[in-house]
Structures are given as C-alpha cells and as structure tokens.
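Before any comments, here is the structure.
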Amino acid sequence: MAPPAKRARRGLVPPGYKYLGPGNSLDQGEPTNPSDAAAKEHDEAYAAYLRSGKNPYLYFSPADQRFIDQTKDAKDWGGKIGHYFFRAKKAIAPVLTDTPDHPSTSRPTKPTKRSKPPPHIFINLAKKKKAGAGQVKRDNLAPMSDGAVQPDGGQPAVRNERATGSGNGSGGGGGGGSGGVGISTGTFNNQTEFKFLENGWVEITANSSRLVHLNMPESENYKRVVVNNMDKTAVKGNMALDDIHVQIVTPWSLVDANAWGVWFNPGDWQLIVNTMSELHLVSFEQEIFNVVLKTVSESATQPPTKVYNNDLTASLMVALDSNNTMPFTPAAMRSETLGFYPWKPTIPTPWRYYFQWDRTLIPSHTGTSGTPTNVYHGTDPDDVQFYTIENSVPVHLLRTGDEFATGTFFFDCKPCRLTHTWQTNRALGLPPFLNSLPQSEGATNFGDIGVQQDKRRGVTQMGNTDYITEATIMRPAEVGYSAPYYSFEASTQGPFKTPIAAGRGGAQTDENQAADGDPRYAFGRQHGQKTTTTGETPERFTYIAHQDTGRYPEGDWIQNINFNLPVTNDNVLLPTDPIGGKTGINYTNIFNTYGPLTALNNVPPVYPNGQIWDKEFDTDLKPRLHVNAPFVCQNNCPGQLFVKVAPNLTNEYDPDASANMSRIVTYSDFWWKGKLVFKAKLRASHTWNPIQQMSINVDNQFNYVPNNIGAMKIVYEKSQLAPRKLY
C-alpha cells in the first residue's frame, strides 16, 4: 500500500487564509485574497532572509514595510490584524535593510557604480538631501517594483531625491540608484514574463516602457468649446453626420496605457491565444522617471536659429486620480493611447471631457417635406459639472531627474475567455434518437429519424400541435439574441448608434441583414498603421468575432396563433416582409429578443487596438457587459494619470494685461514604464482532433518586420480561435 501523501504544514493560519500566520509552508496553493497574497510574499522574503543567515523575526525589514503598505486598505479582518501587528513591530524593532546579503522578494538587481556628480554643481542639492534624508529613507522602503499598493484615495509616491552615498542603489525596477541630474533613475523594460504555476495556472507579467514627449499646453486656461456642425445635418437625410457637442478642453494631458498593443508584441499575443483558455486581470502599476525639461529660444537672425537648453528649475506637474473623481475618458476609443512601438517616442493625448448640453434633432430622409428640425438648446443650469484637476486631485511637481510612482492597483474583474463557442440553440441537449444508421460510406443525406413527427416523445412549447421536431423542441435558454444592427436611438443630446454585442451570425456580405456588430477600428502610425504612410487617412480593420451569438436574421420568422402547417401568408411574418412598404426594411431590422433567458458571451479582446478594462457605470441597474472592453472593474478602476508642463513665466507676465500668459517655451521628455499582471489558465485539449490556431502565412509574415527604410505595421490578431462547448 502506498504511503499517504504528505499534507502541507499550515501552522497558525486562521480560517479563510493559507499564508497569513506563522509556521505555514509556502506550497499551500493560490492565496485566498489580496491580504493572503501579501502574506505569501512576506513569507517568501522571510525564507530568503533565513537562507542568507539573517533572522528577520528580530528586525523590522523592508518585507515588513511592504506588507504594511499592501494591507493599508484591507477590508478583511486578517489583513487588518496583520497590518497593525507589523506597525507595532516597526515601532520597537531595529531596522534590517535589503543588501546583497539581505535579499528582498523583488527581482534581483545588481547595484551599479555611477560617477559622482561634481561637488561644485550639486552642493546645494547635497544640503537639501541631508535635510530630508529621514523622509527619503522612509520613501525608499516601498519602491514601485516591490509592490506598494495604490489605495483608493491614497497618495502616490514621489521620489525626487534619494540618498546618494557612493551611488549604489537597491531595489528592483526604478526604485534604486541616486536621483539628480545626469544620473539614471530607472530601467527600460518591455519584456513579457511567463511564470508557470501549479494546477495549470500561468502568471503573465507584461512590462512596458516608453519615451514620452510633452509640449507645454497651448493655453493655461480651461475652455468650454461648443462644436456645432448644424450645416451638415441641415441637409435632409444626413442625421448620422451629427457632431454637435460641448467639451471642456483642459491644459492637461492623459497618459493612457489601456490598450493591448501597449503591453504585448505580436509574438506574445500569439503565444497567449494559442496556449491559454482564459485571462484574469490582476494588478497594474506605472511610473514616471528620468524627467527632462528644456526651454526653446529663437535667435533674431535670418534665418532664425532655435536653441535648446536644459532647465533645472522648470517643473513637470503630475496628478493621479486614484479616487476616480474626474470624468473617465479611456483613450482607446479615439486611438490616442500611448504608442505600440517601444523604440519610438510617443505623446500623451490632450485631456478633455464632455459637458452637458441639450439639443433637438428630428430624423429625416431625402423625401422629408420641410426643413429638418435641428435646434441647439444649450446647457441646463441644473446639470453643470465643471471639473478641474488642480482643486480635485493632489498635484506633484517634478524637476529634472525626478521620478513618480503610482503604487499597485488590484483589479476586481470577471475573467476573459480566449475561446469561442459555436453551439446555438439547435445544438443544445440530447439529439433525437435514430432508429437506423447509415450502412454505406459517404452517405450525407440521411433524411428520416425514423419516428413520425407527431408521435415522438419530448417537450415543446407549441400549444395546439403534437409535432416535435428540431425546430419545435424546447431548449433550456436562448443562446444570444436578435438585435437590430443599424439602429440609432436619441437622447436629449442627440442620436447615437445603439451598441450591441459583436459575434458571428448572418451573411457577411449583407450587413443590413447580418446584424453582426463587429467593431471597426481606425488608427494612425503610432498604433499599427504602416509607419511610412503619408496623409491624414487612417488605416482600418474590422474585427470579425468568432463567437457565435446565436442569431441569424435571414432565418427568423414569427408564427401566428394558432399554429398551422403549412403556414399561409396570413399566419407568418418573414424577414422578407417589408415594414411600411419600404424595400429592404424588414421586421428583423427592429426585432430584439433580449430577455431573462438570454445566454451571452463576453466581448473578445481585440489585439492590438482594443481597450483592456473599463469603468463600471454608477447606476442602480448596471449592464452585464461593456462592448468596448472585456474587463469591467466592479468597484474602482485604476486612476487616470495626468501630466502637464508647469507655467514657466517671463518677467513680462501681467495678470491684468491679457488672458494669455507670457511664458518661456518649455517642453518635457520623460520615461514612462508600467507593469500589468495577468493570471491565465492553460488550455487543456479534450478533443481528438487538432484545432486551428493563430498563425501567419508567407504573405503577411513581412508585415511584422521592417523593410529597408524602416516601414512596418501591426496586423490585428484573432484572440478566440479555439472552440469550446457551452452546454
């Protein structure tokens, strides 16, 4: 008889946890919640200290500080108790630092010697560092890459001047080394790391870095701009050209990394979709470092010459909206996220948001009598909401060489599938029993089940007939639903295209009948368009989803009561029956079958241009899905990151003279990096047959590599090629 399997040592771990407590082993499986995950990381750090010959139980270590930071906003009782326990330890125990002999749990980073700046240049900087050394030491206990937590409403970390000493740094990522002019403060990393865990799970850490260029804003003022193109919609039948809206244009810019192409290269995505079955969004963090600020002056000579100078006193303003106070404005919907090429500099998008307005546009067509009704009413005083970053979000001032870290945000989202379903209602449950089977090879027209249709057993919802067929038998629910494709609704602010869940269904050649709702993306050279393309016309693609929504409008019909066979013209409504006698307008164009029995898959991730996560609506009845992103944050979402070159004034500035400030032309280049962590489930093969996977052919292989002048493009990739059963 085989000996019993050894059970992992649990130690003094309270119920509901696997690692929160002393004496447990490190092989208990996946943590149960964020506090338990912090405890596991803490235990791993303690194990590393013990292996190096140090006793962390007698000292307060950086691992203890990281646990305090990660449980600062813990909602569970265990996390709260652990948080205050280590705060008490911090008050009484001597400090143990991370050195080469005292390891931490972050990725190992070898300290590098850097040249010490000339003392005659930085003597004032050294005095300032000495005065603030205590605070700097506390800041360095929780660098970004060591897992600092971004709490709801908490303060991000600004590490602008750290202890220099001999120039040796500690900690992973951008947390080590000395700050200041001429000294690097971070690393440039665009690797995707796959860590294979137990039970078929994979931890995917996507690192991304970009050089970001930011000009000073055209104006330091907030502006309310009314866009009014009533000349276009004054023409009959042109309602869809309506662009009327009001927006607040701000002097800030938005650093938005919420697109798949920011994080994964085409090879990464191929590996993920070919080997994984689902993705879980875990955490997100980002950092700004190596800030450079320069002024631009122009000579009076002809032709004029521009001179660029470093400005060590100019400031870069940074604000993290961790409480989501500002309007949520994901940039992927406008293709204005950070660029997808790590080696190319990118720009943040100017930040703006919608402002309330009312208007009336009555639909028309070319045969409508009279002039189209198109009235702009303006803003309702009851609905005015004017937001400014300066009085709503803490703003941090960075100078040359400074850095800023957001800490870690943990997501609360449902997983995203990387497989598609093909089963519709006609493929659910037990097929009918066949009285006889084919006797010859290749027979494809086996026409009769063998039992007369009005004598079969089973369940239907047909009230006055005994026929049981594949068309009439009762199924458990409705897979997908019929929805109108080109349907525009109207609000008090104008018409809008009704969003629908995209999916396969209907003839691709006739979109008016197909009602697929596949998203169509338009983008420029930063986001996949061929890099040598000239002109303003963007490149486009339509993402044709593999999911079968269950709808096929060409085959719909409505049967009259009472049921009759065969049906006559008076007993049935077909897709070919027009509405109002208009050619091509059929009842299926307005037919919606969504209801409580509807089964529907989530939207697919669209690589590279699609949005990754979205913010949940602040409504009492919330949508089950969002069509623009597969991950919907259940409570909070990562705070938006805003940047702005601070006003660099001249001596001619007079606040009473003009609305425009007299400013020195200033711009900033800074390095941005982020880390986005997923957990994925390896896809198991349960079928005999091999399946189609994401691949390329000879014709499109060279889209992914540059030509002799550097021209290249990014071609979108499918994300749900592998099939799965849904019932």
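Using the three backbone atoms N, Cα and C, a Cβ is placed for every residue, glycine included.
These figures come from a predicted structure and were not determined experimentally.
From the options 4-13, 124-133, 334-343, the stretch Swiss-Prot describes as motif 'Nuclear localization signal' is 4-13.
Among C416, C637, the cysteine that Swiss-Prot records as disulfide-bonded to C633 is C637. As stated in Swiss-Prot, the feature region 'Disordered' covers range 1-38 out of the listed 1-38, 191-228, 533-570, 571-608. Long-range contacts of the compositional bias 'Polar residues' (25-35) within the same chain: residues 8-11, 16-19, 43-44, 47, 70-71, 74, 76, 78-79, 82, 197-199, 201, 410, each at least 6 residues beyond the stretch ends and with a Cβ under 8 Å from a Cβ of the stretch. Distance between Cα atoms for C637 (disulfide bond) and N323 (Mg(2+) binding site): 9 Å, as a whole number. Counting other CB atoms no more than 10 Å from each candidate's CB, the disulfide-bonded residues C633, C637 peak at C637. For the motif 'Nuclear localization signal' (4-13), the mean pLDDT of the prediction comes to 56. Rounded to a whole value, the Cα-Cα separation of N323 (Mg(2+) binding site) and C633 (disulfide bond) is 13 Å.
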